[in-house]
Structures are given as structure tokens and as C-alpha cells.
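For reference, the structure discussed in these notes is given below.
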Amino acid sequence: MADPKGSTSKEGLEDWCIVEAECSDVENDLEELFDRDTDSDISELLDDNDLEQGNSRELFHQQESKESEEQLQKLKRKYLSPKAVAQLSPRLESITLSPQQKSKRRLFAEQDSGLECTLTNEEDVSSEVEVPALDSQPVAEAQLGTVDIHYKELLRASNNKAILMAKFKEFFGVGFNDLTRQFKSYKTCCNAWVLSVYAVHDDLLESSKQLLQQHCDYIWIRGIGAMSLFLLCFKVGKNRGTVHKLMTAMLNVHEKQIISEPPKLRNVAAALFWYKGAMGSGAFTYGPYPDWIAQQTIVGHQSTEASAFDMSAMVQWAFDNNYLDEADIAYQYAKLAPEDSNAVAWLAHNNQARYVREVASMVRFYKKGQMKEMSMSEWIHTRINEVEGEGHWSTIAKFLRYQQVNFIMFLAALKDMLHSVPKRNCILIYGPPNTGKSAFTMSLIHVLRGRVLSFVNSKSQFWLQPMSECKIALIDDVTDPCWIYMDTYLRNGLDGHVVSLDCKHKAPMQTKFPALLLTSNINVHNEVNYRYLHSRIKGFEFPNPFPMKADNTPEFELTDQSWKSFFTRLWNQLELSDQEDEGENGESQRSFQCSARSANEHL
């Protein structure tokens, strides 16, 4: 062997400790090192025998069964009603085997339920034994499952409206019917609605405060517990069905969770409820107070004014607006209640119908007196000034030319009739049917506010009474019985003399017939039996059918605008007097006033 490498040994030290290892070339052989490491003195450390598979399928089945059983138990504990546990054993109810789930605030509502989310959330669950009280409710259930519990409770109720009424009174301390009046129909429209909505999500309730502003002029919202109260004054009237459709889509609730009625508008207690509730911190309001709340709660100069009904103001209003019918007066004046204090006082009166009848009678008296004071020229001028728009008089001239009527002769006859020339104040339009006789005369009567007489009422002795209330009259479609009646009783009236006219509830009055228009299919001038009427009636024949366009509209439009242009254009030819000559030196006259002046009225 080679000499050992390293330092030279010293005497006296080699027997005590070996400080250097002996090197050998054999240790540098890698194959020998690997062979030495693989050799082991431990026997049977590795089992090199052949393995048997065994029953692995049965083991896998047992593991799956155990896992399914655990999942089933967890689902039973989650969805099992507490009442069912109490029925089995009261002691079992006080023990909770499943761990309590931690309260988490979730971002998406759709993760509130489901097997996958439940198993995932249970990884952060701490095991504990819980003994809750019977009336207590877990925090997580109060935060996340309150809406579902309220809704299920409502569905289980046999009378959901009664439940909602009771819940409302429990939370707000006042009955729902104390604030509202009942509408039985779902199609009745109203601008203001009171809604009580049960179990609304807080986020949807907050969002509705902004979304409703585009639909309403005034919003009042307050939520207490699971009940939310709305007072909505819409910009346009809505019925109950429309309101429910809007709220169910906006609040994501079922229609059974909503009760709605219009508010009480004349109840001071109800108005104070809304007024005081708006001042509280828990209510949300938008817009100014409605008039029916402000008038009953806010003290101001308007509320201090006298609320006595002034009939003369109502008469003046009806006179200025040309309302003569009782139904029109009552309906139109009631619509003024939000703006006129006198209309409010009239609505609050117990004798509304009597006042309406008296107002209509007074307006008719004033209108009749005004008409009698006017001449025919002034009457025509007043009537055509009320016509809006412009037309062309040539339409009437073309129609007369189409019917082969001499326009100059017609103007002369019309002038005599308007001036009530004796034996010249009656014009007859005769001809075959469908020639436009009634259309022509009716259009003239309409623009001059004349009256139409029907011979069907001739059995009554008052059928000629409208002649005393107009400047021009029309008897349409005169037949043989009517000609006989006129030939027998109306000769003096057609002559322009004063006659005795019997009026209802009055003594016979002395008057003259107004300008009279007649239409008939009979040419009275060819009838010998009516020869005494020939000199009293001026007749014009309409032989041609009335022309119509392809769209079934008249070829000649006989409108108020056409007659306005006709009288304006031919004013001098008809010898109608100038309106400035009829006034007092051309001075403007004050309009008719039938109501007492107020103390602060302008002169």
C-alpha cells in the first residue's frame, strides 16, 4: 500500500487522539459507495411480495354513503321547522347539534340559499351548543330572512287584508281606514293614493324615494318595522291597478302585500297625521304640501278669510263663461274648488242643488235681458267675435251658386229678414232630400245662437216659447200638418205684428216673432191650399244633391268661420249698423257685472 498522506505524527500524541483520518483510494470509488449505501442490516423493511386488490368498491360506497348522510342531516337541521322539534320533545329544542353559522353580509341576494353556498359557508363555522328562547330570533335570520318569514306568514293567513290592517295599526298606532276613504272599483282614478306595503327590502325602499319623484308632485314615505307607509300625489290621475303595477315592479313585492286607498281630503285629523309625520326624522318627504293638507293645517291669510258662500260670484262666473245648463254649472264650478274659495264654500254647503238652480235661472234672465237690449247688428257682431279662427265667405257663395240660387236675391231676402221687415222676415229653403237644406240653415242658426223648434211638440201650447228667447229661429222639415198649423195660427206672426205668446209658468206675453228660417220638401208657392202664406214667405230652391268628397267629407264646409267671414265681408251690403255709432260717442263700455264689488277691487 502507499504511504499514508498527511502530517507527520508527533510523539506523545498519537496514543491519546487521532486528529487526522486515513485516506484510501478505495473510498473514492463511486460504485463501491453506492453498493455500500444500498446494503441494509434491517430485514423486511420493504414488502416485495405480491399485493391483493381487496374490496375497494365497497369502501368507496361506504365513504359516499357517509358523506351523503352528513349532507342530509345538515339540510334537515337547516329547513326543519322549530315547531316540529318542539312537538317531538321540548328538551330536544334546547339542544343544537349543528354549528351556528356566522353572520356575513353578502353582496348578492341570490347567494342567500342553495346547497353549494351552504356547504361553502360552513367551513367557517364554530361548533357550539345553543339553548335559545322560544321567542328569540337569530341575528342572521333577522338580517337576511326577515322578508321571507313575513311573506310566508302573510301567505298562511286566510284574510291577508285583515292581517295587514292589524300590522299597520300595531306599527303606526292608527287605523288604515282612519286615514283613507274607500274605493271599491279598481278602475276609479285619483291623483292621491295612500299605500301600506308589508315586508319591503330596505334597499328597494330607499331607491323608491328617488324613482317616485318622476311620477309624483308630493311624496311621503315612512317605514316602521316590516310596514312601510306611502302617501303619493301623482302628477296625473291613476287607478288602483296602475298604482299596484307600478309599486310591485319598483319594490319587488306581491300585490297581496299592498293595501291602497285614496286619502281623506276633508278630515283635519288625517291631515294633521301627514303634517306632523312629515316633521319627524323617520319620514321622507318630497315636494310642497298638497292643498288639502295645507288648507287644514297651515294657518295663513287664506284660512282667515271669510268662508261664506257668495252666490253673486257664482252667477258672475256662469254668466262670463256662458253656462246656462244646470249640469254644466254644477260640474264646472266644482272643478274650480282647488283654486276658488267660493267654490269650496259652495261644496261645503248643504243646499248645493238649490243654488245651482237659482244660478242657472239668474244667468238665463241676464242673458235674455242682454239679448233684448241688443239690436240685430250688435247681436251678430257679438256672436261672430266669439268665433275663433278664420274662414272664407266664398264657400257659402259657391254653395248657393251650386244650388242655382241667385246670390243677389238671397242677400236681399236675408237683409229683409234680419231687419224684421213686415212680411219679409221668413225664408223658406225647399227641395228634394239630401240637398243640404238642413246643413245650410243649421250652420247659420249655430253661429247666431238661434233656437230650433220641432213640430213634434205642437200638442203643447208652449212649443213656440223658444221664439221669445232668441234673435233667429228655425223650424226644420216642415210637413203638411205644420203648414196647416202655420196657415191657421201663425199668419199674424209672419206678418211681423205683435202676437200673444203663451209661456210656461207665466202669463201670455206680448212679443214679435224673430227672424224665422224654414226647410221643407214642399214648395209652398205651388200649393193652392196655402195661398195666404205665399206673400209672407220668401222661398229658395235647392235642387242639387249635396256634394261629398272621396273621403266622405263635405265639398262645401259651412262652418262658423265661413259665416264669420260672410258677415264681415258683406256687412255693408246687409245694411248692418256700425258698432261705433251704437255706442256712446265711441267710448268703451264696462262689461256686465252682476256681483257686488269687493273692497279692494280696481276701478
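From the backbone N, Cα and C atoms, a Cβ is placed for every residue, glycine too.
Annotation comment: Swiss-Prot describes Gly431, Pro432, Pro433, Asn434, Thr435, Gly436, Lys437, Ser438 as ATP binding site, evidence class sequence analysis. The compositional bias 'Basic and acidic residues' annotation in Swiss-Prot covers 58-68. Residues annotated as compositional bias 'Polar residues' in Swiss-Prot: 586-603. Marked as SUMO cross-link by Swiss-Prot: Lys512. Marked as region 'Disordered' by Swiss-Prot: 47-68, 578-603. According to Swiss-Prot, the feature region 'DNA-binding region' maps to 143-306.
Distribution of Swiss-Prot features across the structure.
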{"residue": "Gly431", "record": "ATP binding site", "DSSP class": "coil"}
{"residue": "Gly436", "record": "ATP binding site", "DSSP class": "coil"}
{"residue": "Lys512", "record": "SUMO cross-link", "DSSP class": "strand"}
Practice problem: Would you kindly give the Cα-Cα distance separating Lys512 (SUMO cross-link) and Asn434 (ATP binding site), rounded to the nearest Å? | Solution: 33
Quiz prompt | Other same-chain residues whose Cβ falls within 8 Å of the Cβ centroid of Gly431, Pro432, Pro433, Asn434, Thr435, Gly436, Lys437, Ser438, the recorded ATP site, in sequence order | solution = Thr519, Asn521, Phe542, Pro545, Phe546
Exercise. Would you mind ranking the binding-site residues Asn434, Thr435 by how many other Cβ atoms sit within 10 Å of each Cβ and giving me the lowest?
Key: Asn434
Self-check item: Alpha-carbon distance [Lys512 (SUMO cross-link); Pro433 (ATP binding site)] in Å
Solution: 31
Exercise. Among the binding-site residues Gly431, Pro432, Pro433, point out the residue whose Cβ has the most other Cβ atoms within 10 Å, with all shown protein chains included in the count.
Key: Gly431
Practice problem: Counting Cβ neighbours within 10 Å across all chains shown, tell me which of the recorded positions Lys437, Lys512 comes out on top. | Solution: Lys437
Quiz item: In sequence order, what residues of the same chain, 6+ apart, have a Cβ less than 8 Å from the Cβ of Ser438 (ATP binding site)?
Solution: Asp476, Asp477, Thr519
Quiz item: About how far apart, in whole Å, are the alpha carbons (Cα) of Pro432 (ATP binding site) and the residue listed as 'SUMO cross-link'?
Solution: 31
